[in-house]
Amino acid sequence: MLCRLASAGRSSAKLVAPLGCLVSRQKHTLPDLPYDYGALEPHINAEIMQLHHSKHHATYVNNLNVAEEKYKEALAKGDVTAQVSLQPAIKFNGGGHINHTIFWTNLSPNGGGEPKGELMEAIKRDFGSFANFKEKLTAVSVGVQGSGWGWLGYNKEQGRLQIAACANQDPLQGTTGLIPLLGIDVWEHAYYLQYKNVRPDYLKAIWNVINWENVSSRYASCKK
């Protein structure tokens with residue numbers, strides 16, 4: 001399933017770019033968190049962070065490596081059927097790895113509040129106010145059916161910010177072309193142990209640990 005753009009006037013989706021040669025590559029590894037598992041408490045507790053990072057993200061990394069190894073073998077054999085059959089696993093686990101790698105840096109024990117500078121100006125330009133932006137991204141994230149992500153992305157062609165919802169582990173840029181700036185994981189493993197099935201409470205809490213310096217840095221980089 002492709003991502004759904006919340007603020008686009010028309011549906012926009014790009015297929016994942018063709019896979020490059022995987023014959024010579026290094027294996028993907030689980031990135032370290034830039035803070036301790038308990039650093040985001042009381043907003044996200046240590047048990048959730050430990051399981052989310054060391055189990056769930058690690059599983060995506062391991063499964064991605066396995067799928068890519070099988071893909072390399074299929075390439076060597078010229079087995080197109082096997083190559084096609086492996087692409088969903090690469091998309092799912094590769095997306096999971098990409099999404100979580102962004103997610104960890106989007107959070108900080110020193111986060112919360114509001115962004116400053118160019119990012120805040122862009123938010124006001126494209127959403128009217130920070131409050132409107134926050135309300136819209138929260139609503140889109142709450143509204144994800146089943147598992148998925150809420151995103152703030154940058155549309156480079158139009159030079160503006162957009163909000164999108166992605167199902168499962170669909171990577172934002174690979175499926176919409178939007179450059180990811182801020183991702184909110186709304187899979188239940190991201191919050192259930194603390195917030196049960198009350199996703200809105202989790203979304204209310206996560207704004208207290210958003211790392212606006214990281215989001216601003218991503219925005220500045222994608223404009224170059």
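Every residue, even glycine, has its Cβ placed from backbone N, Cα and C.
Cβ neighbour count for His100 (Mn(2+) binding site) (all protein chains, 10 Å cutoff from its Cβ): 25. Feature annotation from TrEMBL assigns Mn(2+) binding site to His52, His100, Asp185, His189.
Sequence annotations record features per position, and here TrEMBL assigns domain 'Manganese/iron superoxide dismutase N-terminal' to 27-108.
Taken from TrEMBL, the feature domain 'Manganese/iron superoxide dismutase C-terminal' covers 115-218. Taken through DSSP, the domain 'Manganese/iron superoxide dismutase C-terminal' (115-218) splits into 54 helix, 24 strand, 26 coil.
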Fill in the blank from the handout: Per DSSP, the domain 'Manganese/iron superoxide dismutase N-terminal' (27-108) contains 59 helix, 1 strand, 22 coil
Practice task
Quick one: among the binding-site residues His52, His189, which has the most Cβ atoms sitting within 10 Å of its own Cβ?
Solution key: His52
Practice task
Compute the mean position of the Cβ atoms of His52, His100, Asp185, His189, which form the recorded Mn(2+) site, and then list in sequence order the other residues of that chain whose Cβ is within 8 Å of it.
Solution key: His53, His56, His57, Phe103, Trp187, Ala190
